[in-house]
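Comments concern the structure below.
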Amino acid sequence: MAPHSTTDNDGDDVMRDTDEMQVDEKPDAPAVKSEPVAVKDELEHMFDDEDDDLMIDDEVNDFKNGFGKTSAAPISDILSASPSDPEVMLQFYARLFPWRQLFRWLNHAEIPSTDFANREFAFTLHNEAYLRYQCYPTFETLRRDVLKLNPSRFEIGPVYSARPRDRKQVPKGSFKPLEKELVFDIDLTDYDEIRTCCSKTSICIKCWQFVTMAIKVIDVALRDDFGFQHIMWVYSGRRGAHAWVCDRKARKLDDGKRRAIAAYLEVVRGSAQSGKKVNLDRPLHPHIQRSRGILERDFEKNILEDQDPFRTEEQSKRLLQLLPDQQFRGALREKWSSTTERSSSDKWRDIDDVAKTGVAKDLKTRQLLEHKQDIILEYTYPRLDAEVSKHLNHLLKSPFVVHPGTGKVCVPIDPAKAEDFNPDDVPTVLQLLKEIDQWKNPVKGEGDDTAAPVRVPDIDKTSLKPYHDFFGRFVQRLLNAERQAAELKPKVEQGVKIKKEEDMEF
Amino acid sequence: MQGPEALRLARKQRRGNVIGGTIKDSGLPYPTRLNFYDKPPRDEVSLEEFEQWAIDRLRVLGEIETCLFRNNTPAEIDATLKRLLDKYLPLASNHSIPENERSNPKRFAGLTAERRKDHYSHFILRLAFARSEDLRRRFTRVESILFRHRFTTDDTRERHEFMSALQLDAHAVSDSEKAQYADELKAVLAATTRTQPEKARAQFEAESYVKVEWDRVADLVESRRIFIRGGMAYVPSGALVSLVLAEFSNKLDEALIATARLLPRLDEDDRLIPILNHLSKGFSAPEYNSAAAPTTLSGEAITAAQIDSLKAHFPLCMRNLHSALRRDKHLRHFGRLQYGLFLKGLGLSIDEALVFWRQAFSKFTDEQFNKEYRYNIRHSYGLQGAGRNYSPYSCQQILMDHPPGTGDAHGCPYRHFSVDNLMMAMESQMGISGDEKSVLSGVRQDVGAKKYHLACNRVFEHLHERELKREKEAGGGVRETIVHPNEWFDRSWNLKNPGKAKERGRVKEEVKEEDTTMT
């Protein structure tokens, strides 16, 4: 295997002392908190030396950080800071990050299991140190460590055969990755040669359409062809999107099968030297045929109009390269050089118009049609970073993490409404903290004379709330499927408990 | 009757029952030519047989690996295998005996002996090659190719009998379901069999499909040669080979891992262990051994400053990477790996490598370089992270492993460039002008036939025409196909510097000797 920067970066030397070890030895605390008072009593008994952790809950309003120090800093003091300011990040992870849902998502059940405990987390700290092989029995311990280390971001790796921290203790060779979600990474930098509006790290709504098209094509393929149901799309915080396929069967795929899926979905192949990058057998495979149907509708607007990639003489050379028949190309070249600069839409129409004149005797209608189809695909079909998908042990940034460069939260994207998603609308961490700060308790209705004032969770005060809820519903569907698969007949009480909890969450 | 005897009879009966056809109830140990190797052998063999059978099979497997390494086509592999199998591991079909005599065990004895040898030698080599992940992977690969060869060359009816006994756990696709997906299934059928639409229609009507979970035919999914819907793959009868093959290699993978777990118990036996150790050593890939390569050219260490002048001895892929590096002041991940490991194979020390890359990445600050790239370079020398010492990529790896994408300069230009760009590179990189039509048309032909290594070797021979001729006249020069970029460099350097070639040549010979122990 090639040494790959993400997967082989061994951060052992920066491992620090782990006081969680004590916690680890204790019986796992129930993650379900259906009756707060009773459970709290029980928990307090269990963890009487660490009662700070008890306050950890998505719903808890008062902010305390992981090591017991109550944070007194009012949010308004730090609003002028940069989004990657450690204090800003800390506030976000303490008050707004959906720890419990993240736990349920990765644990696949309410009761803590090895699915979560043997899962690798990796932290990038503000000093660029990279800590790999971190793991936690419960979300409380994970949350506490994040608040203590205050990483600039963290990533999620596979579930291993043993706890990642213990990898040196278990017999050599028996520590290996067992499962991880099948993941996909779409990054706009892979489109640099065909996007004209932006380059490098900058993006706009025009080039975001490449990502939108990618989500539409990949999502339907994963669902209809492979039969996956639990696919979560996440904005990567700057210029791309990730997909997490969470179905049990997807999680258990070995590298060979991941490679098969990645290759099945890959259409645009080759480097700058390869010439035409889409070369497909005919008739088209049903997956390509379906994708073509989706993408052809978008080609006119997203590509010809918005990207206008063939306007200049230099640009239209590229288009000519992709077309068949020397005579035909010559005729087009002549037309485009004699008239003043024509738009890409005009040039695209010219192709058929010139073909109809019969200037190229050997040009076959079918041949031209197929080349045009290939060109449309070359300019619209998803460009995946296949290496990310191929390896079970590849790490990927966690959902809801704050992108340190933009301050934007990596929020989920609803694939059914992919076209409505605009990266400019994604809340930044500073904006969210401001929303908490400016939030006022709405005036209570008449006759509302219940004694204590209702505590409103921080998340409910912000525009992050709909994303939270979306994630929560996704996780709940996944857990329901897991439970059905395990053929566990939930007891009546358990059913009630879960119902109650849902009410609390959403 | 009790104990072992009863067991043996029960086993015989079980074997007999699984197989259909005329010899179903014959009680023969090997009623079919093909074997899925799902039952280990039980009978005794002599130590001589044990070793001889294993060595014979190893010759066949070693040759398969050599074929893979030379990037031979399946047809070429089949031709090679046929010759070799007749000599070392023949397996005759039941049809070699008249039908009415097939149930006679005596008439069958010859076939049984062949099949017994095939069966035993397979299991002996399992013991030898279960010990490491690398050996297991290679063993499964070559055994699968051997199985495919035998499967596809098997008599149709016997193959059918063999398959019906396998119980593949596939569901037949109903007519209504077939009609529901008619368009999709027809499209895939026409594309994979390359038939005209009219013909494909008739073919489709006659075709019967089975449904299996898509990952059981992952290779067909990977190349989009199959229709999948809702996680199920719709396998036409012609593609069942794929299913059987996948089943074969999956089972073998699992069995090898199980064998590996049991190996420690075998350690008590001091007669078998030396033989097995010897066998697994013999199964070494004909890989270019960079560790044995000298760190000097004619006595001097290679320095970063010399790389530009050594470029004249590089194959096209490396010249292309070098030019890209000089042009962009940067190479992407796999480009750095392919080129960096090649330079390492030349004998560039880690210190010189760091100097070379630091100077080459001139658009980056020291801080950026140290942060982003230093680690990777040290990693590839085994000085960081897992501490693995990586070998330079072979042509096989460059051709197969990581096809270049946008912005990449790695890969094999013969394979990954369009023909027009390749022709341009011939002139700009290799100095072969458009007038030299015979070479260029040869290259075009090779590339068209997907024989990329031949195109590369053709260019080598052209560039070293005079030297090769001189070498031949002097009585030397074994003409072998170059299958590794570093081999290109060594051959080129030696040919152009005949006086200084001795040192390098000597080390190469040692490497060769090691390789030949397997054949």
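Cβ from N, Cα, C; glycine included.
Among the features that TrEMBL reports, domain 'DNA primase large subunit C-terminal' is placed at B:311-489. Summed and averaged per residue, pLDDT over the domain 'DNA primase large subunit C-terminal' (B:311-489) gives 88.
Residues or ranges marked as [4Fe-4S] cluster binding site in TrEMBL: B:CYS317, B:CYS395, B:CYS412, B:CYS456. DSSP assigns B:CYS317 ([4Fe-4S] cluster binding site) to a helix in the three-state reduction.
Under the heading region 'Disordered', TrEMBL lists B:494-519.
Annotation comment: TrEMBL describes B:500-519 as compositional bias 'Basic and acidic residues'.
Neighbours of the [4Fe-4S] cluster site: apart from B:CYS317, B:CYS395, B:CYS412, B:CYS456, residues of the same chain with C-beta atoms within 8 angstroms of the site's C-beta centroid are B:PRO315, B:LEU316, B:ILE398, B:LEU399, B:PRO413, B:TYR414, B:ARG415, B:TYR452, B:HIS453, B:PRO485. The Cβ of B:CYS456 ([4Fe-4S] cluster binding site) lies under 8 Å from the Cβ of B:PRO315, B:LEU316, B:CYS395, B:CYS412, B:TYR414, B:ILE482, B:TRP488, each of which sits 6+ residues away along the same chain. Residues near B:CYS317 ([4Fe-4S] cluster binding site) in space but far in sequence (CB under 8 A, at least 6 apart, same chain), listed by position: B:GLN338, B:ILE398, B:HIS410, B:GLY411, B:CYS412, B:PRO413, B:PRO485.
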